[in-house]
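Feature list (source: TrEMBL):
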SITE      A:PRO99  site 'Important for tRNA non-discrimination'
DOMAIN    A:158-450  domain 'Aminoacyl-transfer RNA synthetases class-II family profile'
BINDING   A:GLU185, A:ARG228, A:SER376, A:ARG380  L-aspartate binding site
REGION    A:207-210  region 'Aspartate'
BINDING   A:ARG228, A:ALA229, A:GLU230, A:ARG236, A:HIS237, A:LEU238, A:GLU373, A:GLY421, A:ALA422, A:GLU423, A:ARG424  ATP binding site
Number of protein chains: 2
Amino acid sequence: MSEYTAPRQDGGRIQFRGEVMTQSAVNERVLNADLGQYEGKEVRLRGFVYTRRDLGGVQFLVLRDRSGIAQVVLSGAHLPLPESSVEVVGKVVRQAKAPGGFEVQAADLHILSAATEPPPVELPKVEWNANPETLLDYRYVTIRGLKDRAALKVQAVLVNAFREALLAQDFTEIFTPKIVSAGAEGGANLFEIDYFGRRAYLAQSPQLYKQIMVGVFERVFEVAPVYRAEEHATSRHLNEYLSLDVELGFVQSEDDVMDVEEQVLQHIVARLGEQCSGELAAFGAALPAFSGRIPRIPLMEARRIVTERYGHQIGGKDLDPEAERLFSQFVKDEFGSDFVFVTKYPRTARPFYAYFEEDGLTRSFDLLFRGIEITSGGQRIHDLDMLRRSLRERGMSEEGFEGYLEVFKHGMPPHGGFAIGAERLTARILGIANVRFARAFPRDRHRLTP
Amino acid sequence: MSEYTAPRQDGGRIQFRGEVMTQSAVNERVLNADLGQYEGKEVRLRGFVYTRRDLGGVQFLVLRDRSGIAQVVLSGAHLPLPESSVEVVGKVVRQAKAPGGFEVQAADLHILSAATEPPPVELPKVEWNANPETLLDYRYVTIRGLKDRAALKVQAVLVNAFREALLAQDFTEIFTPKIVSAGAEGGANLFEIDYFGRRAYLAQSPQLYKQIMVGVFERVFEVAPVYRAEEHATSRHLNEYLSLDVELGFVQSEDDVMDVEEQVLQHIVARLGEQCSGELAAFGAALPAFSGRIPRIPLMEARRIVTERYGHQIGGKDLDPEAERLFSQFVKDEFGSDFVFVTKYPRTARPFYAYFEEDGLTRSFDLLFRGIEITSGGQRIHDLDMLRRSLRERGMSEEGFEGYLEVFKHGMPPHGGFAIGAERLTARILGIANVRFARAFPRDRHRLTP
């Protein structure tokens, strides 16, 4: 019956854009990062023209592939526009000045796909002359630059480490709806959808759904986009971002939740150290300092410290951005930690579902990382009567929350959780000032493309 | 400085709902599935009341936790409503008739969170008397049933195996926008969003974005929801579903793409065998049959076989659902495979970006699994002129595709990819007739809650 299976070998001939190339003895493609293993041998490279220089009879090409860059020296070749996809077959020679210490000497190159115009900015020089809006307008090609892509690689590694740490602790991954009938925290800042003529919204958070799923799997996580229709356009907000959500049942207090987040962050830092040293170096970024345990300090204490030590007066109930920065500095100096949990927020500073004590404080926390909040979390109310009381005491009506309340008729165990904003964490790790550059295709107040 | 870290031990006292329990020597909670390791010892269990029976002086309780169920025998206890969260401390005794071969004998139980009403259906008996619409209306509690949750567990394992297989082959995970300015395949079936007064849409697929990302990382994947505003309400369609997307560059043909999908599916089947034997058993489902390679059979050949062997006449250019079923049967009988690639679809049956040959066929494929299509894929057009020709020959205008075309000015390498619908694959593995039950909270034409 094998006549039905398609032939796997096609006689060693590859056809690209009408041009037929005969495969030589050098069949397998080699990645740029592996050149050192092939000194003196002939290799086949594929990738993109990152930079090119023609010195008359000799041409220099920096080829970029998924593993990194390599220098190629050619003679008599016609070099295509930057970002063209090419294939080169040549000999690997030791060359101290070349990236990685080796270069490839080749006669010619095959164009796999020619760029028809150069990129709007010189990708290798982006940091010297970058206009952020231009970079975002042409993001579909500017993200090819080594530094921009490094940020996205760090994010991919970080997200995978998040999942690894939770799977190892018996958490189950969930996939909850992003089209919802109501907001989790009231009606503000929701994007509206036309759902077959009915009004629906984009989910601001998987809050209720992850709570429900505690009743199913006890310990759950989700990695998915969330949406905030916030008008403000700051360097730390996105209208669509990736939320790393966790929720677990049978907790005794918010300390159990912080324990899990601590383990998750520790694993993320470890994985970044193992897999992203090059990416961190591209930003001149140090691995986050992680001093064993993350300090847990009550909000009132944090406010006192900021005022007494730094003379910074804070309005409101929370920490303002400057206070977050100062307090993080304090923690770094005193504990050697880039992370700090600020705990025990007053009820007025937290949503209605936060578990509260009679002293008016909640079993909640924020996580500050290098001066910016990247997580909110805490224990949730699991008791229906307490939940109703919380709404009542805030002057909120049960209207619109009927579906939410219904769930709590079915024996929800004590539970809590947290969420990490993936782009904020990435940006903060790498020292990226504008969080847009920690997302492949950011959406903001004014930006809907690319 | 340790005065700032919150106390980790609170004197062995746990407070739930005002009730203070003293922790005994039995400190750590034990999972139901691990009871056999504690024969003759005292253990602490936590979980949900799955079933309860009171025989006067003796009460029988089946306790459900994330690991499975356990039988608990009590005396003189008052059993709370089903789905209440409880804690039990008791002695593990061998009992042949109990699930797992052990039961726990306890004096009493602590209620952690009392259900205030019973679930609308008896969860352990759902399959005997289930009305699908009722089950979906009360999904927030019906998914706690062992069989419903097993489907979601299988999906979680399957999705993780998908990622594992790709990460092992140097793919990078990407996160692309779900709020888009235009549809990837024209304007049909798009959900519309009010984006700060502008019209935007929910992404039907990450098609263009994953192609762009080939220029960045060469080999990419994404796990994310996609949206189809299709009016029809069938048992195989969802309006929001989880798409497992893959795209890779520097391919020679669609065979390279099928090679990757083959490896991914092989790993998924292996992981399900290792991690989900109980879940498969709950559905009486066999692991998908995977006979080494997946047969690759051209569409025209498949149509001929269905007509000649089974006398089934097919209209249109594709296979109809009955033809898909018959052809899958043929492949199972002849090759012992539950999977088959149907290849070389005519241009008219594929989107404009499918790479085509001069004979009018495309380098494309569908993957059928047990009689249903779970994947579309193929090589894409990477050349700008060919892409323009494709639009022109279809009578399509370049208007609305300017952003798409722009990307191909920058040397896109030959590339291709595929997408797997996670819920369809899950449903088909387990023999779930209605794909809604392979999603935690399905969205369809009429369903927006829970």
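For all residues, glycine too, the Cβ spot is worked out from N, Cα and C.
Heads up, TrEMBL stuff is auto-annotated, nobody curated it.
Quantities reported herein were computed from a predicted structural model and do not represent experimental measurements.
Sequence-distant contacts of the region 'Aspartate' (A:207-210) (same chain, six or more residues past either end, CB-CB distance under 8 Å): 174, 176-177, 184-185, 220, 222, 245-247, 353, 403-404, 407, 417. Most buried of the binding-site residues A:ARG228, A:HIS237, A:ARG380, A:ARG424, judged by other Cβ atoms within 10 Å, is A:ARG380. A C-beta separation below 8 Å, combined with a sequence spacing of at least six in one chain, links A:GLU373 (ATP binding site) to A:GLU324, A:ASP366, A:LEU367. Take the CB of A:SER376 (L-aspartate binding site) and look out to 10 A: across all protein chains shown you find 19 other CB atoms. Max Cα-Cα distance over the annotated ATP binders (A:ARG228, A:ALA229, A:GLU230, A:ARG236, A:HIS237, A:LEU238, A:GLU373, A:GLY421, A:ALA422, A:GLU423, A:ARG424) is 19 Å. Comparing the Cα of A:SER376 (L-aspartate binding site) with the Cα of every entry in A:PRO99, A:GLU230, A:HIS237, A:ARG424, these being the recorded positions, the smallest distance points to A:ARG424.
Rounded to a whole number, the C-alpha distance linking A:GLU230 (ATP binding site) with A:ARG380 (L-aspartate binding site) is 25 angstrom.
If you take the C-beta of A:PRO99 (site 'Important for tRNA non-discrimination') and look for same-chain residues 6 or more apart in sequence within under 8 angstroms, you find A:VAL62, A:GLY68, A:ILE69, A:ALA70, A:GLN71. If you take the Cα of A:ARG228 (L-aspartate binding site) and the Cα of A:ARG424 (ATP binding site), they are about 15 angstrom apart, rounded to a whole number. Within 10 Å of the C-beta of A:ALA422 (ATP binding site) there are 23 other C-beta atoms, taking all protein chains into account. If you take the Cα of A:ARG380 (L-aspartate binding site) and the Cα of A:ALA422 (ATP binding site), they are about 22 angstrom apart, rounded to a whole number.
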